[in-house]
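Notes for the one structure printed next.
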Amino acid sequence: MASVPYKLFLVSAMLSTGTLNTILTKMQNRICVDNCSDPNSNNHVMFEQPIWQTLNMFIGEMVCLLVYGMGVLIERYRSQHLTQDYEPIKNNTASYQSISPSRDSTEGQITDNQVPSSSESNQAEIFGPEDIEEPVKLELTGLSTFLMWIPTMCDIVASTLLNLGLIFVSASVYQMLRGSLVIFAGFFSVKFLGHTLGRSQWISLFMIMVGVSIVGISSVVSSGDTSIGGRTREETIFGVCIILLAQVFGAAHIIAEEKVLNHYNLKPLRGVGLEGTFGCITVGLMIPILHYTIGYKNPGGFFDATAGYGQIMGNPSLFRLCIYIMFCISMFNWSGLSITKAISATSRSTIDSTRTMFIWFISLGLGWESFSFLQVIGFAILVYGTFIYNKVVASPF
């Protein structure tokens, strides 16, 4: 059972790195890569490569597998040295038998093995027997390792759609719309994990839907027929729909992870590393396929692989942001998977929704967007419904 300080550390790590990841990704989308000398900013060509951003994310996750491997090697090295330095106590059975009491003298007495230690009794009183011993799980080895490819495929689709949607909406709206993840996670947890939802939880899911709808409407209304930040109303609607669609696959991602973790013993660091490795392989195969089927028809577009690679390698700012995002995403996914294992998938989605506030404040401070009271109302309803769903606050229903 994870300790409270460890859980607080995981929550802090997920909030901070998750916030930075969204802000840094939006920074990438605001970097001009072509026609930058034109005095009319509407003619500037910005970095818009969602598939390369997805690959960058999985490279960051794959780093976790290297860290996990180094940790395993260090543990083996330590255990070997401990074994070499160990000197067994000489067997002195005769002297022991001479001073040990006879069997008859101990009959009717309570032995030490029959008396529970004070630490064991205290644990039983505080935690209960079900919290002391966790059910034994199988190790995720051999062919079962490829089960992690299932959540990886969901993550690939979700991340690519999210990166695409972030191009068309502000960072705060993007993050608020991601709060709809709880809706789909709730439905999927009932269907695939056998969870049951009470009346208050169903009502809270409806509240979240209302909150997300208000946020989406506020984003569309503020865009107007002309563009704000170069985006028209139609483009904003497209971005909102893409982000909401991504949440279906995002919910499937975390539910699939929890399904695996319920049956197999898997270290979070190794789990993230496996997803990163499988993701790099899959996206690495997808990039040339998308380039020669879609990308080459639209030079410089979303799936033009050569243009995306040239923009990243030819722009130092973009390249540095890629490195920063790799670090943030590795920490974010490790802490997120650790929360799924230590607490639950729904708790992970709850924590993820709260980082919206930090992203919103930073976006306002950087001047990326203007204050919207309608957005505040939608966000408040969304967060309140999320907290009721996960029983963070008492339900009035």
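Including glycine, each Cβ sits where the backbone N, Cα and C put it.
Long-range contacts of the transmembrane segment (51-74) within the same chain, counting only residues at least 6 positions beyond its ends with a Cβ under 8 Å from a Cβ of the stretch, are 25, 28, 156, 159-160, 163, 267, 269-270, 272-277, 279-280, 283-284, 286-287, 290, 302-303, 305, 308-309, 312, 322, 325-330, 333-334. Positions annotated as transmembrane segment by TrEMBL: 51-74 (among others).
The feature region 'Disordered' is assigned by TrEMBL to 97-122.
Per TrEMBL, the feature transmembrane segment maps to 146-169 (among others).
Residues annotated as transmembrane segment in TrEMBL: 175-193 (among others).
Per TrEMBL, transmembrane segment is recorded for 205-224 (among others). Sequence-distant contacts of the transmembrane segment (205-224) (same chain, at least 6 residues past either end, Cβ-Cβ under 8 Å): 169-170, 173, 176-177, 179-180, 182-183, 186, 197, 231-233, 235-237, 240, 244, 370, 372, 374-375, 377-386, 388-389.
Annotated transmembrane segment per TrEMBL: 236-256 (among others), in sequence order.
The list of residues near the transmembrane segment (276-294) in space but at least 6 beyond its ends in sequence, with Cβ under 8 angstroms from a Cβ of it, reads 51-52, 54-55, 57-65, 146, 148-149, 152-153, 155-156, 301, 303-306, 330, 333. Per TrEMBL, the feature transmembrane segment maps to 276-294 (among others).
Annotated transmembrane segment per TrEMBL: 318-337 (among others), in sequence order.
Annotated transmembrane segment per TrEMBL: 358-387 (among others), in sequence order.
Contacts between the transmembrane segment (175-193) and the transmembrane segment (358-387): present, as 3 or more C-beta pairs lie under 8 angstroms, all at sequence separation of six or more.
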